[in-house]
Amino acid sequence: MLGLFLMVLILLKIVLAMKHTISTLNDPIVASVSPTFTMSLMVLSVFLQRLSGFSLLANVIWWTALVLHLILMMYFIYLHILPKELKIHDVYPSWFITFVGIGVISATSPDFGLEVGKVVVWITLLFYFILLPIVMHRVFILRKMHKSLLPLITIITAPGSLGLVGYLTVVESKSKMFIIFLFILSQAIYFITLGLLTKLLRSAFYPSYAAFTFPLVISATAVNLTSKLSIFQFLNLELLANLEIFIAIIIVTYVFIRYCIFWGSKLLQIISEKYSAESI
């Protein structure tokens, strides 16, 4: 319900400040993270689908979100890739959101468009394997990211797990070797990122803190799904899944509290400035 409430607030902001919202897409970082909105809508549609009497609305939201996600992807390519000669420094982990975020389509497709999900999962994995070495080189070799963008590093945890969730959800003839490979890869990146997380959380608060949430949640989801497969039964992955779920809950709660403090201080600042202006 909290997610539904937040989505309503975001929708209101977009509708009431449409021109400003569109203008912010001129920033390549903002444009690359903007598909998180459509990804959230697709996840929300799954929640609505389970409620009695909301099936039609859920389908409308899901298909609309799918189309909007593709539009945002094409808009990003048109505005931030095609017009200029790209350099490695132009690439950020948030590119995974733009191009691999479509994996949410596959992960949520059983309730809405399974055949679409079966196609999209392979596109998702293709984009992932193309971008992975580029982004890893950018983040860990070149570095030189502004401190306000450092939380975006956490995003590298998400695409492998999202691809795995999509694969396990829609692919019928599953390859055990591919599942093992993708699981080990995604978990290796997860624990590397987890090692960086303690340092990142000690930094000053930035809105980019939001990047700490979905990657940890989808990683826990991937481990939870994988733990149910017979090929991993001897590893007792349920313990790992519970651990990652616990970590995700702690981090999401922490980020939510930091956001409340951030917006609370902004509100107090506005009230204070207004009071000072009236006193003059």
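Each Cβ is built from the backbone N, Cα and C atoms, and glycine gets one as well.
Per TrEMBL, the feature transmembrane segment maps to 60-79 (among others). Taking Cβ pairs closer than 8 Å, the transmembrane segment (60-79) reaches residues 25-26, 28, 31-32, 34-35, 37-39, 41-42, 44-46, 48, 98-99, 101-102, 105, 108, 111-113, 116 in its own chain, all 6 or more past its ends.
According to TrEMBL, the transmembrane segment annotation covers 91-107 (among others).
If you look up TrEMBL, you'll see 119-137 (among others) marked as transmembrane segment.
Annotated transmembrane segment per TrEMBL: 149-171 (among others), in sequence order.
Listed as Cβ neighbours of the transmembrane segment (177-197) (distance under 8 Å, sequence separation of 6 or more from its ends, same chain) are residues 153-154, 156-157, 160-161, 163-164, 167-168, 212, 215, 219, 222-223, 226, 229, 231-232, 244, 247, 251. What TrEMBL lists as transmembrane segment is 177-197 (among others).
The transmembrane segment annotation in TrEMBL covers 204-225 (among others).
Away from its own ends, the transmembrane segment (245-264) comes close to residues 194, 197, 201, 205, 207, 209-210, 212-213, 216-217, 219-220, 224 of its chain (Cβ-Cβ under 8 Å, at least six residues beyond either end). Taken from TrEMBL, the feature transmembrane segment applies to 245-264 (among others).
Residues 33, 36, 39, 93-94, 147-158, 160-162, 164-165, 168-169, 183, 186-187, 190, 193, 197, 237, 240-241, 244-245, 247-248, 251-252, 254-255, 258-259, 261-262 of the same chain lie 6 or more positions beyond the ends of the transmembrane segment (204-225) yet place their CB under 8 Å from a CB of it.
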